[in-house]
Amino acid sequence: MEYEAVADLAPDRRVALFERDAGVDAVRSDVAEILDRVESEGDVALRALASEFDDVEVGNLDVTDEMERAADAVPDDVYDAIEDAAANIRAFHEAQLPDDWRESFAAGRELGRRFRPVRRVGVYAPGGTAAYPSSVLMGVIPAVVAGVEQVAVATPPAETINPVTLAAAHAAGADRVYQVGGAQAIGAFAYGTETVDTVQTVVGPGNKWVTAAKAEVRGDVEIDFLAGPSELLVVADETAEPAFVAADLLAQAEHDPNASVVAVTDDEATAAAITDAVAARLDDRERADTIRAALDNEASGVFVARSMSEAVMFAEEYAAEHLSIQASDDEALLDRIDSAGSVFLGGYAPVAAGDYAAGTNHVLPTNGTARVTGGLSVDTFLRSTTVQRLDREGLAALRETVTTLADAEGLEGHAASVDARFEDE
């Protein structure tokens, strides 16, 4: 891994860095077929697809009853860690809850907003034999905090669903758990089957099949966003500890061979030290092949900027899922960067802390969509409704404005609906 100069980036290199996509086009037609099967065949399709894709003959699709047993079965230290993480995530998301409000804006005119949760949510949690309890916690807890009536989890089927995943669903407060994976899980949530209830909102990370399915069903249900492989961008200055930066890059790279990991600094010696630290630690990692592939990704690299202003511009254009700022003036730099899914300030805020237990959510926008949206939060599950109360005095004050604008738009009935309330004058 060699460092590069930002100023020398060729146009095609810039495209690879700044115009990333989720890579779903290649599977769209296959995903559409899967969704059609789920919509038309229901549980029959879910069982057939489990056999086809997961090599599992599924009996009960609903494994809700296994949650409590799993919580008792996992090692105490694991369940304690799940509960500790859940408590932190819950506290942070409870702090996000908005209050209903109503205020007087003029005599006789009150305006306000109220917030109500959607009723049913589906959370996709990757992994069948593998365990991703953190994804369960991150998806379920904000929905529960928002007041959603029914929160269901779907996770890929296995001969035995990993008890850690089920234990996390129990700790998070999930109401249902289904052993359904991939695009078919998204279809089941969107269209319903004999076993799986339809939901109003589908959230959670997944592979390109899951992402393509979410794109297809958007409109039938609400979704969080279309997420791609994991991303990290580190902004570092000469005070950054290269070993810390390298450790963070390697940690994110182990997610996926398509993950994108980037460091940008205004100090060439720091860039060289980071690349050396990455190389020194790479071969010792259990997932070295995956990490190596991610480091070779066209959207990955270590870059030297001519100034910290250029580094900031690079970070803003990249709009990373995870942004780490390891620099002496990290708060000042943060004020200059608007586009990032989640920000980690200082050398002792590794992304792994946010991934698991700091309390913030790790379901975040990727592929530059942090320019236009934020990560999963309580707001994802809330609907806001505006409220207005006018008395006669309040409407009288607005009467001329409303009727004039209604007449200008040729909507005579709108004007008449106001005038009708003053016919006794």
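Note: Cβ is positioned from N, Cα and C throughout, glycine not excepted.
What Swiss-Prot records for E321 (among others) is active site, proton acceptor. Taking all protein chains in view, 29 other C-beta atoms sit within 10 angstroms of the C-beta of E321 (active site, proton acceptor). E321 (active site, proton acceptor) falls outside any helix or strand according to DSSP and counts as coil.
Annotation comment: Swiss-Prot describes H322 (among others) as active site, proton acceptor.
Residues or ranges marked as NAD(+) binding site in Swiss-Prot: Y124, Q184, N207. A sphere of 10 angstroms centred on the C-beta of Y124 (NAD(+) binding site) encloses 28 other C-beta atoms. Secondary structure from DSSP puts Y124 (NAD(+) binding site) in a beta strand.
Under the heading substrate binding site, Swiss-Prot lists S230, Q252, H255, H322, D355, E409, H414. Around D355 (substrate binding site), the same-chain residues six or more apart in sequence whose CB sits under 8 Å from its CB are S134, H362, listed in sequence order. Look at D355 (substrate binding site): DSSP puts it in a helix.
For Q252, H255, D355, H414, the entry in Swiss-Prot reads Zn(2+) binding site.
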When the Cα of E409 (substrate binding site) is compared with the Cα of each of the recorded positions Y124, N207, E321, H322, which one is closest?
E321
For the NAD(+) site given as Y124, Q184, N207, which other residues of the same chain have their Cβ within 8 Å of the site's Cβ centre?
P126, A154, P156, G181, G182, A183, A185, I186, G206, W209, V210, A213
In whole Å, how far does the CA atom of Q184 (NAD(+) binding site) lie from that of H414 (substrate binding site)?
47
If I take the Cα of Q252 (substrate binding site) as reference, which of the recorded positions Y124, N207, E321 has the closest Cα?
E321
